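> Below, the features straight out of TrEMBL:
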type	residues	note
TRANSMEM	14-33	transmembrane segment
TRANSMEM	45-67	transmembrane segment
TRANSMEM	73-98	transmembrane segment
DISULFID	136-169	disulfide bond
DISULFID	137-153	disulfide bond
TRANSMEM	216-237	transmembrane segment
């Protein structure tokens, strides 16, 4: 007489399609990283392609692994999320411990982008958005725009923008409905005491350093939300892997 053992183990459709939906959300979060622009000579296109490869790889592994119940893809997805989580945690801790180093790297980043401001439309958009959002101009002040050949005040420059600043440095006029892109022309030829009437005089690094303590709860909340999202993805992947392994183990009897 033969005895057969029947297993009630089955793969949860709830976890399967929840993990699939999670990947769609996670994919959308990663797509925001394509807005990152050049850093120390890295072309923005290269960074967009790199982020795109990460997005596609994780999205493919998570979605296909969940729908096809593929343990290898699910383990790869789970491991990648764990790695990203610990990298984020390490970066946050190191940034807190080495604030001076972070400040110097950001200054180099900002000054590098100032030099290339007219060479890349992505750089222009990044710097303009940063200056308008934080009501600032340059890394530590409007004089930093001497680093750019078009805004430099030296006698060797024949640019119409000489001794000026980008329009994003200008104090907005509520009465103007159309942005005046020439508002920063020749501003730095005036007395410094009059600059505040026309442009922002605070540098973006001091402005950001002042912004962070005022919005520390928002920053912490965003970090916690992203961390919880990643932990939830790890939980879904591990649960689905356990279900699949249980079903396969039951088939051996």
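Placement of Cβ uses the backbone N, Cα and C atoms for every residue, glycine included.
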> Take the C-alpha atoms of residue 137 (disulfide bond) and residue 169 (disulfide bond) and report the distance between them in angstrom, rounded.
5
> Counting other Cβ atoms within 10 Å of each Cβ, which of the disulfide-bonded residues 136, 137, 153, 169 scores lowest?
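Comparing Cβ neighbours within 10 Å for the disulfide-bonded residues 136, 137, 153, 169, 153 has the fewest.
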> Sorry to bug you, but what's the C-alpha spacing from residue 153 (disulfide bond) to residue 136 (disulfide bond), rounded to the closest Å?
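The Cα atom of residue 136 (disulfide bond) is 20 Å away from the Cα atom of residue 153 (disulfide bond).
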